[in-house]
Amino acid sequence: MKSLAPGIKLITSFSRDSWYRFSILFLTFVFYTSYHLSRKPISIVKSQLHRNCSNVVHPANLNITDNDTWCDWVPFDGKNYQNLFGVLDNCFLVAYAVGMFFSGIFGERLPLRYYLSTGMLLSGLFTALFGLGFYWQIHSLWYYCLVQALNGLVQTTGWPAVVACVGNWFGKGKRGFIMGVWNSHTSVGNILGSLIAGVYVSSAWGLSFIVPGIIIASTGVICFLFLVERPEDVNCTAPQHHERVEEEPLLRNSSTNEEIFNSHTSTAVEPVEDHSEAISFCGALRIPGVVEFSLCLLFAKLVSYTFLYWLPLYIANVAHFDPKKAGDLSTLFDVGGILGGIVAGLVSDYTGGRASTCCAMLIIAAPMLFLYNKIGQNGLPTTVGMLLWCGALVNGPYALITTAVSADLGTHECLRGNSRALSTVTAIIDGTGSIGAAVGPLLAGLISPTGWNNVFYMLIAADVLACLLLSRLVYKEIRGWCGYTTRQRGFKEI
């Protein structure tokens, strides 16, 4: 008898449910990568909108009135250009923070496929409109602010929808690890966005926005054609979100940790009535842990986004690297964030303590930030090592809260009979965090003239506050560990 080809053996070794789960994980990864890809060009194009024109060769037929600003793009040619760039950033971030609270409410009441695909199409439109200002010769600050604000609003469709979709397909077993790996889409999108924008920024900066706009709009079409919202829609087995065991501490993971792609994940679940009515905003706030994790993320995201917007400038000013090298080194913070998110997911899966894992990483992050400010620029190896450590410790809790914790709370045991809470809970948590994302860079801009030390003291204080806000949940988890002596930890052999 002829043996099957190795590739066919591999394909047939996975069940139909497993293939669907893998496809959902891959599609949502691509979708949110495109969201971040379309956000990145503005940080790359800023250096082109305002340059040192005295070093630029001007065309012979051009009448130059100001040798220092002739090549700048009005209205960013004045001495207040940094303030105007700050206005552009905050137009996006504030609109994103406000819109996120409403996004989840709409996401629970509209089909995720339509909601997500429409959001990506509109994001592509507004991203491209910013770039079209180059070809239409638009020099009005209000135009660019309006486009940024509208883009910030429609970008809120992404995160609650993709987390809700992944939460619908994956149970609690190994959710932290899977989502920790999956959450790398943030860094992948940032890197791709930088590379694509960099190709066109010097020749025609409008294309730095138009091309990413076309990419995210194209992924919106793919979403409309291929996204499956729930396992039940294609007759797949629904995942296990709850356990039939004695009461456990808040956010405890399944001690059995079922295989994440196993098609038989719901056999131990009691059938429960599933009402189709979506949860209200106030109802989502009453879910145990939502308020604490939301406020924790506010301060955690404040630290993360301050690094995102100010780290290259800090490295250039303090370590005296040129702008390109400073930008390249700053990407190590994102690399550390990927590793931190994966480690946080693994540890929280193994211990069952989401809050304890976040708190431990935040506690260690505070002294590491202090050390980075003091010794982080003493040579290239030290800089690389400290950036990786700080990125892991700062972004690890941020990644865990926005992914696994949001999915856990959106399928919390108190919601039996009302499963439509994932999108609203995710929006509340990420929306609160986005307030910190808007405030952090703004505070850094106000504090940095007084010295970089004060900026780091602000970041350390935010880290400590984030940790303190989880103290009640950590106490409950520790009590649970001490009270349930027969409880097993670790991953069950499959």
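Every residue, even glycine, has its Cβ placed from backbone N, Cα and C.
Predicted, not measured: the structure shown is a model, and the values here were computed from it.
Of the candidates Asn63, Asn235, Swiss-Prot records N-linked glycosylation site for Asn63; the remaining residues carry no such annotation there, which does not rule it out for them. Among the candidates Asn52, Asn253, the residue that Swiss-Prot annotates as N-linked glycosylation site is Asn52. The transmembrane segment (208-228) and the transmembrane segment (116-136) are in contact, since at least 3 Cβ pairs between them lie under 8 Å (pairs 6 or more apart in sequence).
The stretches the transmembrane segment (455-475) and the transmembrane segment (85-105) are not in mutual contact, being linked by fewer than three Cβ pairs under 8 Å (pairs 6 or more apart in sequence). Beyond its flanks by at least six residues, the transmembrane segment (187-207) meets 32-41, 43-45, 47-49, 73, 131-135, 215, 331, 334-335, 337-338 of its own chain at Cβ-Cβ distances under 8 Å.
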